[in-house]
Amino acid sequence: MSASQDSRSRDNGPDGMEPEGVIESNWNEIVDSFDDMNLSESLLRGIYAYGFEKPSAIQQRAILPCIKGYDVIAQAQSGTGKTATFAISILQQIELDLKATQALVLAPTRELAQQIQKVVMALGDYMGASCHACIGGTNVRAEVQKLQMEAPHIIVGTPGRVFDMLNRRYLSPKYIKMFVLDEADEMLSRGFKDQIYDIFQKLNSNTQVVLLSATMPSDVLEVTKKFMRDPIRILVKKEELTLEGIRQFYINVEREEWKLDTLCDLYETLTITQAVIFINTRRKVDWLTEKMHARDFTASAMHGDMDQKERDVIMREFRSGSSRVLITTDLLARGIDVQQVSLVINYDLPTNRENYIHRIGRGGRFGRKGVAINMVTEEDKRTLRDIETFYNTSIEEMPLNVADLI
């Protein structure tokens, strides 16, 4: 059933998700049931089997224009169902009888690409759709064989490997009709902008373009003008972007060298189901992990210097719960859905304030409550105030009873 945009409903999504911030949109159709989206029966079965009951606010607004073929810029908080928004749209549009790649999804990290692939496969479970993760760090020959022998309906990948496969003509753009950029702010930042543009040049001029992300600074919106045609905009106001359901605190540590003792004190105070500790450099991740192990605290480490197999093992252990604390760089801050994470510790405040929401979004996804604790030295106080202003939020000093909140 559709309603006008003016009603600006704040319905709960799957699993009692907290209401999302009001979405600003130039699209006036809100469809509050998957049954009313004219989706195929087999796709609907996959959606309900996956555990969705009702579309989240972003899904109510963005799925329909995506299916209708419009270029779409969709913005919503982490954990509100952005991945399923484009996965459902792709699965509805592909022709299963056509054994050719028809949709291309790009993600900034290998882990996120693999997670998107899993969501697509799960939602399309009853359709027989094929989806392949085309990522760096894996065997090129096996990749080429897969693309040539099978031509999967959907490719999810990282920019470097995808461009390589397109450039060497192992991946054909001939039938690609939908191009999705997930975590678009990261993808279009300095590191990936040129690669994205090169990939886009190889696609058909009438290819539909969909961008999704939690943050979309104005310079990114400028870049989208280069390769999007009158896009539908579905945006959350900036001041409503910080996550509801996440309690945010800071600990005053004055000096950098006191952070380690403070972290160990926290460990002893809290019963942690699962936690992610964010640090700004790879070298410091290794340093902190060693220091924690020396003090008999268990923790796993993950960063971009590790090879893909090692990263896969660490993520598997963390997802299964056999490892409870993960120390990482911003590599993990982009959309990795680890359901049990109740606590995020920013050992270092992010150097880019827009990464803050990606980091603390690890706790409280789909309405699960979470706590974020920021370790703040004298030098960090200005950065903390800057984050508070940017997100129009309040980060309070950590109370003594923090253990009761996790």
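Using the three backbone atoms N, Cα and C, a Cβ is placed for every residue, glycine included.
Checked against Swiss-Prot, the range among 182-185, 290-293, 366-369 recorded as motif 'DEAD box' is 182-185.
When the ranges 32-60, 148-176, 206-234 are checked against Swiss-Prot, the one recorded as motif 'Q motif' is 32-60. Confidence across the domain 'Helicase ATP-binding' (63-234), taken as the mean pLDDT and rounded to a whole number, stands at 89. Sequence-distant contacts of the motif 'DEAD box' (182-185) (same chain, at least 6 residues past either end, Cβ-Cβ under 8 Å): 73, 82-83, 86, 105-108, 112, 116, 211-217, 220, 224, 334-335, 354, 358. It is 30 Å from the Cα atom of Gly81 (ATP binding site) to that of Lys174 (N6-acetyllysine). Within 10 Å of its Cβ, the residue among the recorded positions Lys146, Lys193, Lys309, Lys381 with the fewest other Cβ atoms is Lys309.
It is 14 Å from the Cα atom of Lys82 (ATP binding site) to that of Lys118 (N6-acetyllysine). With the fewest other Cβ atoms inside 10 Å of its Cβ, the least crowded of the recorded positions Lys82, Lys118 in this structure is Lys118.
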